[in-house]
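Q: This is the structure I have questions about; it appears just below.
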Amino acid sequence: VVVELLSPGTEDEDLGHTPAPRTTDQPPTKWMVYEQILAIPYYVVYSRYTDTVQYFVLHQGRYQAVHPPDQRLWLPEAGLGLGLWSGAYQEIAGPWLRCYNAQGAWIPTPAERAEHAQQQAQHAQQQAQHAQHRAERLAAQLRALGIEPEV
């Protein structure tokens with residue numbers, strides 16, 4: 001997979017709209033390198049200026065544009081997909097390219113994983129406190145019945 005971040009100055013080349021080099025002393029275009037020399041199976045172009053993503057899939061040696069209705073492209077060889085997600089990342093809100101898993105869920109960012117781990121730890125702590133309070137209540141009830149609970 002190649003993910004190209006579109007730049008206004010190189011937009012035509014990034015999208016394969018430039019003519020092939022006419023002489024052998026000219027280097028191949030970026031598009032030609034990805035498509036014909038390296039044969040990269042997936043070429044993704046994202047424009048932060050228009051917040052759009054374009055997907056190209058290598059088919060019989062040439063890139064074909066694909067237009068998934070949900071702006072998500074599944075990459076079976078990688079076992080994940082790439083799509084356009086709207087949200088905040090590192091405190092910057094907007095659309096972002098993001099990977100998703102086979103169930104369609106976005107792969108968590110490191111910050112999201114840390115937040116989830118913190119929530120799980122808080123939940124476990126609350127459960128432990130609840131169990132401690134319950135044990136204390138039961139011990140008090142046993143003492144009220146004249147039974148000394150084992151500690």
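Glycine too: its Cβ is placed from the backbone N, Cα and C atoms.
Annotations in TrEMBL come from automatic prediction, not curation.
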Q: Of the ranges 58-85, 114-141, which one does TrEMBL list as coiled coil?
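A: TrEMBL lists coiled coil for residues 114-141.
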Q: Quick one: mean pLDDT on the domain 'Putative restriction endonuclease' (1-85)?
A: 91
